[in-house]
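First the structure, in the form of structure tokens, and then the observations on it.
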Amino acid sequence: MTIEFSMVQTIGFAVLLLFFGRFMRRRVPLFERFAIPSPVIGGFTFAIVNLILHLTHTVNFHFDSTLQSFFMVLFFTSIGFGASPMILRKAGPKVALFLLVTVGLLVAQNLVVIGLAPLLDLPAPLALMVGSTSMIGGHGTSAGIAPLIEDAGFLGAESIAYTAATFGLVAGSLIGGPVALRLIRRHDLVKLHDTSTFDDSFLHEKIHPLNADRVLAGFMALLVAMFIGSYITDGLNILVSGWTSMAQFPAYLGPMICGILARWFSDYRFTRAGGEDNGAKELVPHQEIEMLGTVTLSVFLAMALMSVRLWELGSLAFALVVLLTAQVALTVLYTRFITFKAMGSTYDAAVLVAGNVGFAMGATPNGMANMESVTAKFGPSPTAFFVLPVVGGMFIDFFNIMSIIGFLTVA
């Protein structure tokens, strides 16, 4: 028996799973500890139930993915609006250096899986689902890229990506703290700990009251960026088709670029006008856009994860275990010997290692949680708590997507 869900029924069911995920996150401390998002809990729970029903030939579900694509593009467009050049410029060299180090890690994540793919008799596009797509990218980027790989004929891409992303959330949370603790004790960094504060005042924006006009303006800005950006994506895909038929740019790339350009122009005008102290107004309400992005991500993830066909993982299980083991080893070695040394081999660098492990395998909240566990034991690190969220929350997604597309193009 097959149960068909219409477009409206699909999004309604996804929201019910989102509510279930939020309920379980409050009730099960383990979910909170590993910073597993509510849509992941709800969506994956249903995916497991769906697996059992499928294997017992009880019932199959078919969902309408129309709104999933819409919410996906909305979310990634909001990421573009979040990339502020003004913040990157004011943040100083440490943020730029950490961004460079993290970009190096995401490239290494892709190189490792591409290198192992032939040994495992695994197509390169499927192997890349266990690279930076699911590691640094997490569930959000996985849900944006994996369907493209499925459409290209590589069945199991979505299941691999989502499973790897979930593993990364847990592994990154378990490993980050111990790696940093070993560095701190081995190099006796507590004695050298500099407790000076870090000036992050430029991040403290005026919080605007929730206002329907500003929310509407943010929503319209997202839709306009999506409209214009769709033509950019089409143009880029025409160019790519001349090189390869294996890859195409995701639908959200053009809108994301439009969001970046709009935010850059808005920041430029805002700065030229003297900032908020001189009565200047921002061109785009980025706080409201960020809020809308958070909402759309939750709905989009719930819809994506509840549609995962876990039964497709059967023949790929061994390859997945090998690739995930390789990613754990890479992340530990890279952060210990490259991130730590590049960031100065200081206490702050060790704390950043904990954070880097967390968000290189999971998400920014996991990295923050890792750093909190380290600083609770050895003392504060204002620099680390400034640098990581700026890189992980504002800039790394764009560089990651560019890397993934590049590897898919040559794979």
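Keep in mind that glycine also has a Cβ here, set from the backbone N, Cα and C atoms.
Annotated transmembrane segment per TrEMBL: 6-24 (among others), in sequence order. Among residues of the same chain six or more beyond the transmembrane segment (6-24), those with a C-beta under 8 A of the stretch's C-beta atoms are 31, 37-43, 45-46, 63-68, 298-299, 302-303, 306.
TrEMBL lists 36-55 (among others) with the feature transmembrane segment.
The transmembrane segment annotation in TrEMBL covers 67-88 (among others).
The transmembrane segment annotation in TrEMBL covers 95-120 (among others).
According to TrEMBL, the transmembrane segment annotation covers 160-181 (among others). Only residues 6 or more beyond the boundaries of the transmembrane segment (160-181), in the same chain, are considered here, and those with a CB under 8 A from a CB of the stretch are 33-36, 40, 44, 47, 126, 129-130, 133-135, 137-139, 142-143, 145-146, 304-305, 308, 310, 313, 316, 320, 323-324, 327-328, 331-332, 335-336, 350-351, 353-363, 366-367, 369-370, 373-374, 377.
Residues or ranges marked as transmembrane segment in TrEMBL: 215-233 (among others). Cβ atoms under 8 Å from those of the transmembrane segment (215-233) belong to residues 73-74, 77-78, 80-81, 249-259, 262, 284-286, 288-289, 291-292 of the same chain, restricted to positions at least 6 beyond its ends.
For the transmembrane segment (245-265), the list of distant contacts is 69, 72-73, 75-85, 125, 144-145, 148, 152, 221-222, 224-226, 228-237, 283-284, 286, 398, 401, 405, 408-409, 411: same-chain residues at least six beyond its ends, Cβ to Cβ under 8 Å. Look at TrEMBL and you will find 245-265 (among others) tagged as transmembrane segment.
Among the features that TrEMBL reports, transmembrane segment is placed at 291-310 (among others).
Through the fold, the transmembrane segment (316-334) approaches residues 104-105, 108-109, 112-113, 116, 120-122, 126-127, 130-131, 135, 156, 159-160, 163-164, 167-168, 171-172, 175, 179, 357, 360-361 of its own chain, all at least 6 residues removed from its boundaries and within a Cβ separation under 8 Å. If you look up TrEMBL, you'll see 316-334 (among others) marked as transmembrane segment.
The transmembrane segment feature in TrEMBL is assigned to 346-364 (among others).
Per TrEMBL, transmembrane segment is recorded for 384-410 (among others). Here the transmembrane segment (384-410) has long-range neighbours at 76, 79-80, 82-84, 87-88, 91, 94-95, 98-99, 102-103, 106-107, 110, 114, 124-125, 128, 131-133, 136-137, 140-141, 144-145, 149, 198, 200, 203, 240, 243-244, 246-247, 249-250, 253, 256, 260, 348, 351-352, 355-356, 359, 363-364, 367-368, 371, 375, meaning same-chain residues at least 6 beyond its ends whose C-beta is under 8 angstroms from one of its own.
For the transmembrane segment (67-88), the partner stretch with the highest count of Cβ pairs under 8 angstroms, out of 36-55, 95-120, 291-310, 346-364, is 291-310. Of the candidate ranges 36-55, 95-120, 346-364, 36-55 contributes the most Cβ pairs within a distance under 8 Å of the transmembrane segment (291-310). Long-range contacts of the transmembrane segment (36-55) within its own chain (CB-CB distance under 8 A, at least 6 residues past either end) are made by residues 14, 16-22, 24-25, 61, 139, 162, 166, 169-170, 297-299, 301-311, 363.
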